[in-house]
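According to Swiss-Prot, the protein carries these features:
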type     : residues                                           : note
BINDING  : Asn9, Trp10, Lys11, Gly173, Ser213, Gly234, Gly235 : substrate binding site
ACT_SITE : His95                                              : active site, electrophile
ACT_SITE : Glu167                                             : active site, proton acceptor
Amino acid sequence: MRTPIIAGNWKLHMNPEQTIEFVNAVKGKLPDPSKVESVIAAPAVDLYVLKKTAEGSNLHTGAENAYFEVEGAFTGETSPKVLNEMGIDYCIIGHSERRGYFHETDEDINKKAKALFANGVTPIICCGESLETREANKQDEWVVAQIKAALDGLTAEQVSKLVIAYEPIWAIGTGKTASADQAEEMCKTIRETVKDLYNEETAENVRIQYGGSVKPANVKELMSKPDIDGGLVGGASLDPESFLALVNYQD
């Protein structure tokens with residue numbers, strides 16, 4: 001059985017003081033991690049206090065990006081090795097904002113996935129199509145190509161442990177949500193792609209999230225779908241009550 005995973009992606013929000021307040025507000029009210037895994041991915045400047053404040057609670061921690069080199073003359077980057085030393089569990093890579101604003105390529109994302117695994121951090125690999133790709137009805141081939149490129153050279157064992165987040169770019173921060181059926185259809189396509197690349201067992205183990213205007217009002221319906229194992233949540237993860245409503249969707 002795949003354990004559901006709800007991960008908040010704070011993007012460029014929250015300072016260390018706000019992070020401490022947020023974690024203190026949620027940490028006693030999170031579900032048992034065997035029922036639902038609760039994750040907050042925060043800006044690098046907040047990670048130390050996020051981890052420290054979350055200690056002893058059911059809150060898992062994530063970074064929003066990392067580089068594929070562990071150290072050296074790479075001004076402004078985040079080391080996957082240091083994330084591991086800090087005890088950070090997850091790292092989001094390949095988010096559409098990173099691909100769009102910062103021109104990250106599929107090759108960069110593949111290198112990052114390998115670097116994270118080499119340093120004991122679990123990647124959350126994002127994929128998803130733009131509005132024009134969907135309107136041209138090319139979303140399947142687009143996302144399949146992203147998955148193939150991102151997973152290139154990873155072992156079946158690695159892939160069964162990572163998380164894939166499907167985030168249709170047209171539904172991020174636009175208030176438009178893919179219908180639960182549209183989301184399920186793409187998450188199923190992703191699972192079938194993993195099966196084609198590896199095997200059925202790997203495809204059954206990999207957790208696939210939907211990301212794109214996930215909120216308390218639609219989380220139950222999305223999570224009822226067989227191939228959706230979680231949510232990668234933006235705005236709705238910034239408020240403690242809203243985040244708690246998401247992770248406790250089973251109640």
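We number each residue from 1, going along the chain as drawn.
Backbone N, Cα and C define each Cβ position, glycine as well.
Given the structure is predicted, the values throughout are model-derived calculations rather than measurements.
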| query | Other residues with Cβ within 8 Å of the Cβ centroid of Asn9, Trp10, Lys11, Gly173, Ser213, Gly234, Gly235 at the substrate site? | reply | Ile172, Val233, Ala236, Ser237, Leu238
| query | Any idea which of the recorded positions His95, Gly173 has the thinnest Cβ neighbourhood at 10 Å? | reply | Gly173
| Counting only residues 6+ apart in the same chain, whose Cβ is under 8 Å from the Cβ of Gly235 (substrate binding site)? | Gly173, Lys215
| said: Highest Cβ count within 10 Å among the binding-site residues Asn9, Ser213: which residue is it? | reply: Asn9
| Rounded to an integer, what is the Cα-Cα distance in Å between Gly234 (substrate binding site) and His95 (active site, electrophile)? | 12
| request: List the Cα distance (Å, whole number) between the residue listed as 'active site, proton acceptor' and Ser213 (substrate binding site). | output: 9
